[in-house]
Structure formats: structure tokens, C-alpha cells
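According to TrEMBL:
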REGION    1-47  region 'Disordered'
COMPBIAS  29-47  compositional bias 'Polar residues'
TRANSMEM  96-116  transmembrane segment
DOMAIN    98-503  domain 'Major facilitator superfamily (MFS) profile'
TRANSMEM  136-156  transmembrane segment
TRANSMEM  222-243  transmembrane segment
TRANSMEM  263-283  transmembrane segment
TRANSMEM  319-338  transmembrane segment
TRANSMEM  358-378  transmembrane segment
TRANSMEM  390-406  transmembrane segment
TRANSMEM  412-432  transmembrane segment
TRANSMEM  452-472  transmembrane segment
TRANSMEM  478-498  transmembrane segment
Amino acid sequence: MVNEDPNLEERDGTPGQEAAFRADPSLSAHPSVSAHPSVSTEPSVSAHPSVSFHPSFSANPSSSAFPSTLAPGVLAQPSSSGPEELSTIKVSKRRWVVVLVFSCYSMCNAFQWIQYGSINNIFMNFYGVSAFAIDWLSMCYMLTYIPLLLPVAWLLEKFGLRTIALTGSALNCLGAWVKLGSLKPHLFPVTVLGQVICSVAQVFILGMPSRIASVWFGANEVSTACSIAVFGNQLGIAAGFLVPPVLVPNIKDQDKLAYHISIMFYIIAGVATLLFILVIIVFKEKPKHPPSRAQSLSYSLATTDASYLSSVIRLFKNLNFVLLIITYGLNTGAFYALSTLLNRMVILHYPGEEVNAGRIGLTIVIAGMLGAMISGIWLDRSKTYKETTLAVYVMTLVGMVVYTMTLSLGHLWVVFVTAGTLGFFMTGYLPLGFEFAVELTYPESEGISSGLLNMSAQVFGIIFTISQGQIIDNYGTMPGNIFLCVFLTLGAALTAFIKADLRRQKANKETPENKWLTVESLPAPDPSVNL
């Protein structure tokens, strides 16, 4: 049998026992799609043209599969991986290093997203600009993502994980250093430039968690790995709420204020540089052996018409995925708006509490990180994607309602409790959405599905941030938060209509369609037949 034990790891220079494919030339697993006659199952044995595989398992060369709806007459081509490598299912020790390095530079980028918003009033005074201008330093992350999503997702398919990781970490480092040139009140355009560069880096980061999890981790680890990858982004947001209010006090002296801002900018630039070096050293494209049966199926065959656009079109024809795009966008967009405007909301009710406003944001994100980890572990054990997603969504709505009703009570400790409860579910939902999307769209590219989810989040994030900001300025915080509650109610209702079509789970199970992966499932070749 094919070995699929997540505890079985590669050892340098000592490859595990490998099972070679054997195929009877008369065998046909499914009559509808024929393998190319040049597909070789052993180095010196070519499969007979009559051997065919089930059409639902095809992949592009970059390890992201395209679905079964191949164009008529399009034949499957062998992948670049050798048959022995594909037949051995094994997880690599390097997988934890890869996901941790990614998590760290994602954290650095997320910190730079929220570092202005968490001390909105201080940067307003330093640069002499409006609150809306500072809000745009956060919203530029959302705005940049929308036009760049599809080009970057195409680059991910074309050049792979390592190239995208290097580009994202390099841009993140560059943007951090550019900001050091904006330490004068009249240099606001320079800080905008640095933030825009970091926002471009974010496009190379946000779609990676589910892809890294699928390419590097076994079937029983993918949800946990995706949670760890998202965990870094949330940790960066948490640090972005906590650190800036501590490093940059609310003082009137412009020179002293510039000095404190420079300390923050130098620290983040140094960290970004270190992480870029680590990415160069440790980040690999993919492991030697596929970590799961689904991933082995994903790169076992390649289509000759690996059309990127056709893949996007197929995704939009998947009704369950379209519903998830909308519901994920509503939830995550609400989180983006809440994070961006949190300082403003807290200061309105608790003047002079900039530090505690940052701590409330920290509480939201730390609780969400705990929720994300618990959700990931639970999914790996239960595989109840639809039920878990719906339950978390409903609890997010409940948490938002309670937070809305308690924000103006005058007791900060109550706000800490209700904000933490909200964050546990709202932020904990993020990896659930990624993993549910991969299940609904397998064998499509994880980079494309995750990217479309994130694009929806950015669109709704911009709409919600601008709308809620205007509502708060004109009517107060409660109507602004009720505005978010209405859309979260819509998201919870739509989530209930998503069907649990768990395609990746089906691929990971040994079924008649994928039994060809195992040696025992196929008869030994007839020695009298000349292949």
C-alpha cells in the first residue's frame, strides 16, 4: 500500500521505501479520459494507451490541479515528478520550518498594515492630515489587493511558492525601509509610498496559507498548518495594536515624536530584513514526496491547456464557492473595518485611552488566534467544515451584537471581555474559510481560491471601513456597529445554504476512482505482454 503516515518523515540521504506503480495494459479505471500514451509508470515501462484514469483527478504542472472538465480532445500529460516520488507519500521535516518562516514575515507585513490605525490620532497630529487620510494608510492594503490578485495568483501558478515568497518578503522589507524617509511632518507622501509597497507585498502573502498547507502537510495536518500560517498574520495585527501605543506616546513636541516614530520604523525594518534573509535560506518550492494522497493526485497528471482564466471561470460556476466568497468577504471585511476604526471608537467613549485601545485590539486578535488554532485542530479531527463554519459565523454575529451594546457603558473591563469574545469567533473564522474553500474547489489551485476569498474581503473591507467611518462621524459608534451587525446576519444566513461538498476529503479516501495509486490495487503486469 502507499504509505500515508504523517509521522513518517524524510531523512536526508535516506529515502524511505518507495512503491512503484504497476499497470496492466488492459486495465481501465474509467473509460472517459485516456492517459497520454507516453505516461510512464516505471522508468522503463510505458503504460498502454488504453489505460485511463478518472477524469476528476488532473493537475497543472505547478502542483495545483485543474478540475475534471477538460476540453474535448485534450490529453493528460505526465508531471515532472518521477513515478517513484509520486508513489511514496511522506511528510518532510522541513514543513514546519517553511510554515513558521512564512508565518513570521506575514506577521511583519500585518504589523505594518495596522501600525498607523492603532495610533490614528497621533499620526494625524504629526503629519497634519485628516483621520480619513490615516484610514487610507490601512485601506490601501485592501485597495491594492483587488487589481493585483489575479496577476499574482497567475505568478504563483507559473513560478511556484518560493518565487512568490521571495517577492513578498523583499517588498515587505523595501517598504519598511522607505518609511524611514518620512520622519518629518511634511513627508506624509513618503510614508504613503512605503505603505503602498508593503500593501503590494501583502498580495504575495495572503493567498499562501492554504497552498503551503496542501503542498507541505499530510491529510491530517492541513487545517492545523493553515491555521498556523494565518496565525502569523493575526499575531502581526495583535502586535500592531500593542506596540505602537507603547513606542509612540501622544506628545506635542514634534522632534521627540519623530524620534519615537523612528524607533518603531527602525525596529520593523530590521525585522523585515532578517526575515527576508531567512526566506532566501530556508524556503523551498515543495517537498521531494507528496505529503498526502490528494496532493499526489494533484501532481500526477498535467493538462496541456492549463488555462488560468478557465480555472477562474470554473470557480465562479461553483455555486457553493460563490456563496463562500460572499460570506467570507462579509465577515473578514467587518473585521478589517473594526480593526481600522477601533482606536477612533474607543477614544470617543474613553478619551486619552490610546494604550487601552491598542490593548483591546490586542485582545481581539489574541482571542482570535486561539479560536483559529482550536478551529484548525477541530477540523483535522472532525472534518465538519460546514457545521463548524456556520457555528462560528453565528457566534461572530452574537459577539458583535454584545460588543455593540456594551461599548458605551463606561466600563473598559467590559469592553475587553466582549471584544475578546467577538475576536475569538470573528478572527477564528479566517482559516475556516480558507480550508472550506479548498474542500469545495479541489482540485483547483489553492492560490486562486484563497485569492478570490481575500479579494472579496478587501472589497467589503473598503466599503465597510468608509461607510462605518462616516456613520460614526455623523451618528455615533452604535449605529456604525449596528451597520456591521446587519451584514453579519446576511452572511450567517447565506452560510446556511452552502452545501458540504468536501472534494479533497473524497480524494484522500481510497475509492475506486483513486485506487490506482496503490500497488496492491492493480494486477501485476503479464510477462508475456510486450509493453
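A Cβ is built for glycine as well, from the same backbone N, Cα and C atoms used for every other residue.
Keep in mind it's a predicted model, so treat the numbers as computed, not measured.
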Check: Do the transmembrane segment (136-156) and the transmembrane segment (452-472) come close, with at least three CB pairs under 8 A (pairs 6 or more apart in sequence)?
Finding: yes
Notebook entry, point to check: When only pairs 6 or more apart in sequence are counted, do the transmembrane segment (358-378) and the transmembrane segment (412-432) reach 3 or more Cβ pairs under 8 Å?
Noted result: yes
Next item on the list: Average the per-residue pLDDT over the domain 'Major facilitator superfamily (MFS) profile' (98-503) and send me the rounded value.
Entry: 87
